[in-house]
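Peer 1: Below, the features straight out of TrEMBL:
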- 9-32: transmembrane segment (TRANSMEM)
- 52-76: transmembrane segment (TRANSMEM)
- 88-110: transmembrane segment (TRANSMEM)
- 130-152: transmembrane segment (TRANSMEM)
């Protein structure tokens, strides 16, 4: 696993935690506004909900689920080119949703300093604004890291969540078969020739005729 892959897991984990916090805050806000029998410091409305808070709740749920899946894929080195496109699509969608939600929330509750020290409802809204922009920033970093990791894996063998044997477009390196060279046979010595020397005396004795005995 490369440093880019480790950084992506870290930032996805941080995004996961921020999404959980934002999910709890927006759920509390919806419960608070729907259960109001009278107005609060900010409005006189009762039994209502803010559409932008619903949008941020849905976005945080999608982020929670999406980051969980991506972390499992990266940690298990199970991603490929299709997984990369799916991750980028997920990141871009929630990036746009957080941009829209954070912008509307900031515009709607822009000045809350005067009440956040004394009223919990103002502190909750300020925290929702902060975490929506934190998630937006983390998503921006994650898209950059994902693109960098994708192109880095094209040039490094097995060094990324998108590289190695799990990456469909990775080049397959075929090892050349090892060449076995048989050792040269030992030089055989020619058989020893036993030469029997026959002396002239022995030859003469052999060929001499046998004398007749009277």
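Heads up, the Cβ atoms here are built off N, Cα and C, so glycines get one too.
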Peer 1: Same-chain Cβ contacts of the transmembrane segment (88-110) under 8 Å, 6 or more residues past its ends?
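Peer 2: Apart from its flanks, the transmembrane segment (88-110) reaches 42, 50, 52-53, 55-56, 58-59, 62-63, 66, 70, 125-126, 128-129, 132-133, 135-136, 139-140, 142-143, 146-147.
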Peer 1: Going along the chain, which residues at least six beyond the ends of the transmembrane segment (9-32) come within the CB cut-off of under 8 Å?
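Peer 2: The answer is 49-50, 53-54, 56-57, 60-61, 63-64, 67-68, 70-71, 74-75, 121, 124-125, 127-128, 131-132, 134-135, 138-139, 141-142, 145.
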Peer 1: For the transmembrane segment (52-76), could you work out the same-chain residues 6 or more beyond its ends whose Cβ comes under 8 Å from its Cβ atoms?
Peer 2: 5, 8-9, 12-13, 15-16, 19-20, 22-23, 26-27, 29-30, 33, 83, 87, 90-91, 93-94, 97-98, 100-101, 104-105, 108, 128, 132, 135, 161
